[in-house]
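First the structure, in the form of structure tokens, and then the observations on it.
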Amino acid sequence: MENGAVYSPTTEEDPGPARGPRSGLAAYFFMGRLPLLRRVLKGLQLLLSLLAFICEEVVSQCTLCGGLYFFEFVSCSAFLLSLLILIVYCTPFYERVDTTKVKSSDFYITLGTGCVFLLASIIFVSTHDRTSAEIAAIVFGFIASFMFLLDFITMLYEKRQESQLRKPENTTRAEALTEPLNA
């Protein structure tokens, strides 16, 4: 009994941290809350806005710099906002906040970002110096803005589908509504 033989049949070793495919940081990251199309669109928004920002940062000189600076601000903001929304959707933070508010915020942020990014790309087209970095930034900017607007249209379509499912069918007869009450 001095060697602890009494406790050996019932004592189990501590298994330690979980090992497997969903351990560590991957356990907190879940992409399944978004449908496949929306996941692809969010990823493209993130990538294209980052590429537009990087290409714009490569520009070393400009003649009319207002369009360049506005495009820089918008492309960086679009990247950060799309990253923020993606983090909210893919982490446990999504369950801690009201999901309708997350979806509503995503809806309006995506619309606003798409419109402002399109405007910034149009302004940058009219003020650029025709260097290859500027042209690449403009192309990525236009494609990114279209991805934001396509994501907005997808969300709008999903909202309409949800409202159609929630709307009860009108089962009352039209002729019953026109009959007099005292007849």
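Each residue's number is its place along the chain shown, starting with 1.
Glycine is no exception: its Cβ is also placed from the backbone N, Cα and C atoms.
Note on Thr10, Thr100, Thr171: Swiss-Prot annotates phosphothreonine at Thr171; no matching annotation appears for the rest, which is not proof of its absence.
Look at the topological domains in Swiss-Prot: Tyr94 and Leu181 end up on the same side of the membrane. Sequence-distant neighbours of the transmembrane segment (68-88) (same chain, 6+ residues past either end, Cβ-Cβ under 8 Å): 42-43, 45-46, 49-50, 52-53, 56-57, 59, 62, 94, 97, 102, 105-106, 109-110, 113, 116-117, 119-121, 123-124, 127-128, 134, 137, 141, 144, 148.
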